[in-house]
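According to TrEMBL:
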- 27-51: transmembrane segment (TRANSMEM)
- 83-107: transmembrane segment (TRANSMEM)
- 119-138: transmembrane segment (TRANSMEM)
- 158-180: transmembrane segment (TRANSMEM)
- 435-639: domain 'FtsK' (DOMAIN)
- Gly452, Ala453, Thr454, Gly455, Gln456, Gly457, Lys458, Ser459: ATP binding site (BINDING)
Amino acid sequence: MAKKGRKSKPKTPKKGLSFKLSNQNKIILGSLLMLFSVALFFSFVSFYFTWQDDQSLLTEFANRNEQAKNLLNKFGASVSHLFIYKGFGLASMIFPFLLGYTGLYMFLNLKGQGLLRKWIWGLIFIIWISISLGFFATTKPLLGGIVGYEMNDFLQDYAGKIGVLLLLLFGLIFILVRLFHFTPEDFIHYFKAKKESISSEFKSNAPEDEDTVAIEKDNDVPVILDPYTHKNDIPPIEKEEPIDDFEVNVPTEEVIEEDVLAMEVEKIVEEQEDTDILANKLVDDFGEFDPTLELGNYKFPTIDLLEQHGAAGGITINQEELEENKNKIVDTLKNYKIGIAQIKATIGPTVTLYEIVPEAGVRISKIKNLEDDIALSLAALGIRIIAPIPGKGTIGIEVPNKNATVVSMRSVIVSSKFQKAEMELPIAFGKTISNETFVVDLAKMPHMLMAGATGQGKSVGLNAVITSLLYKKHPAEVKFILVDPKKVELTLYNKIERHFLAKLPDSEEAIITDNNKVINTLNSLCIEMDNRYELLKLAMVRNIKEYNTKYKARKLNPNDGHKFLPYIVLVIDEFADLIMTAGKEVETPIARLAQLARAIGIHLIIATQRPSVNVITGIIKANFPARIAFRVTSKIDSRTILDAQGADQLIGRGDMLFTQGNEVTRLQCAFVDTPEVEKITAYIGAQRAYPQAHELPEYVGEDSGTSIDYEISERDAMFREAAEVIVIAQQGSASLLQRKLKLGYNRAGRIIDQLEAAGIVGPFEGSKARQVLVPDMIALDQLLNNELK
Ligand SMILES: Nc1ncnc2c1ncn2[C@@H]1O[C@H](COP(=O)(O)OP(=O)(O)OP(=O)(O)O)[C@@H](O)[C@H]1O
């Protein structure tokens, strides 16, 4: 019972298993294919000239004395005989092109769906051409090949000649419409254009005196010219005898006007374009946009980087322990005169749930009131009573197992529930009380609050969250911002900076340990959020998922600022520390992000040791529906974090309660040890990476912008040099100063403010660099000299 989850065999993540050739092998195989295709091409071409001479040699392949006339000798003769005579006839010429293209594709290491598409269309063409030639040239087997002939024969037996003809016609229409995107309008347009060209030709060939539309023919019968068709073979409308010397003079301008009119009609037809059609064409030609292409060879971490943690044997609980606990429960309840009708045990990794159905007439409220007494009588730490279990009508008593089983991260990662999870940001937290793997989608939560006293498993919990995402997501799809005031817990992730981390443009460390930087990062995230909303608005979609789908389908033009948007997960360890030092400055942007960021793929995970009300304020709590409580020290803390008690009764070491609104689920958090995280990050870090960490929009602190009335004497010693750098580069950014003058972030920010006060750069403009108001060095000198006067 309850051992299903454990039995599932370890599986490597799906993407890690995919068959891939190394780059060198691709080059070798690619060139082989290209050369082979050239050989085939020459064989086929020369076969048409030499086949009769070489026919007798087909059976003499092994005979070294015999020489074939084919350019590639007996090989060429045999292969061509096979492909052309026995195969598809003339259509076989397509094979060398397909093979050559495949070779080139491998040689240049191209990606996308173009290759498969070419093969499918190539084969359709081969079959269609071969049947068509078999139909029209029955006597010439070298045109349609035996396959074409036989297929024709076969089809004609069932559908007759007309049926096959119609079938071929349908094939032609199918190819024209699907491959060349031909529409009936194209046909009409084509004929119209033809007509135009005939008319203009006629015009240019017409005699010089074109003022008259009535032209005398040899037999003196006037021919009326149709102004649109310009055909001179239309009979006259009136057959009356023409009046001598009567001519209808049409002013030249009018004729020209008619010509211009015809040209305009043509243009209107051509202007009908549809972005969707364009997008479809792009997708047809290049395949869908693949965000992972830049790191196309990225390999997902393998499962052997994770340890079993001795959990291979599964849950160990013996019958005696079960029996003992059952008796204790029954006896204790009997002491309070509560009879039990039924009792059932579900064994979990750390606790066993005893579900009780009380005898008829026992009021649940009575049991509820006795909660503490029952816990005392059972005399075990970590007993939690759930009366009643929501939706079941039974009472649950959770009793810790004597020997808790460690739930290894490995066991949850390999579980089919996680592997098959069709979620945006799947997280395998651990196992439930019934030993099922518990997987949730961070994108749906959409933000998470985590609390627990020191040493109860918070850091392990955070690592489990990050590890889950590392096992499921490509670096192009998700970016982390890690805030770690303790400076030790998350530093392990430094190695994956250029794969998975995002940071401010001018910061050196990707993992943020300085509280001031947290404020800037949060504000920068707010700018990123606003930018993303703007993009969503332009794309007319409601959320990041729709946006990215549209972008992948090439319906959004990168020239309009569109780009693939990765999810951003902000993890803050030790939030209490942060809010104590920075207060409102962090609370406001966090609340703003929490309220608005769900649709645009920014998700927050906040962990704290002290879940007191001044840390987890009302506004934060209201926006973090998903909460996790590890063991806390008091009932009050439990209430603060979960709005319910229970977290104080947990047993620690990863024993946790999870709620996403109403129901509270007890889980055993998956355990991932520091060496395992190290191995995973080293595995990822050793692979090819992006040139730098994902860059967040630049944000310059508001506080530095407020003191705009800097005294000249208070200016930084580097002020003048900074001004020169900015004016020469014509770019007002603090990061530029940091780079060029080797300044720290804060000092560069201060100088920028002083430059603003001096009127050298414009005001702060969000993610964009400030405008430089001084055009050149001469103007700068003038400005600074004037100040001194
Ligand atoms: N899921 C788990 N399974 C088994 N043991 C665990 C689990 N989580 C934590 N532990 C044990 O508890 C110890 C402390 O865990 P962890 O470092 O995560 O605590 P913490 O809450 O982050 O503490 P602090 O706040 O002081 O950093 C771990 O070293 C480990 O031995």
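Yeah, the Cβs are placed from backbone N, Cα and C, and that goes for glycine too.
Take the transmembrane segment (119-138) and the stretches 27-51, 83-107, 158-180: counting Cβ pairs under 8 Å, 83-107 has the most. Residues 21, 26-27, 29-38, 40-41, 44, 47-48, 51, 114-115, 118-119, 122, 125-130, 133-134, 141-148 of the same chain lie 6+ residues outside the transmembrane segment (83-107) yet bring a C-beta within less than 8 angstroms of a C-beta in it. In this structure, Thr454 is the one among the binding-site residues Thr454, Gln456, Ser459 with the smallest number of other Cβ atoms inside 10 Å of its Cβ. Proximity to ligand 1 at the level of Cβ atoms, with a cut-off under 6 angstroms, picks out Gly457, Ser459 from the binding-site residues Ala453, Gly457, Ser459. The binding-site residues examined here are Gly452, Gly455, Gly457; by Cβ neighbour count within 10 Å, the least packed of them is Gly455. Each residue in Gln609, Phe630, Arg631, Gly652 lies on the same chain as Gly452, Ala453, Thr454, Gly455, Gln456, Gly457, Lys458, Ser459 and has a C-beta within 8 Å of the C-beta centroid of that ATP site, without being one of the site residues. Looking only at the binding-site residues Ala453, Lys458, the densest Cβ neighbourhood within 10 Å occurs at Lys458.
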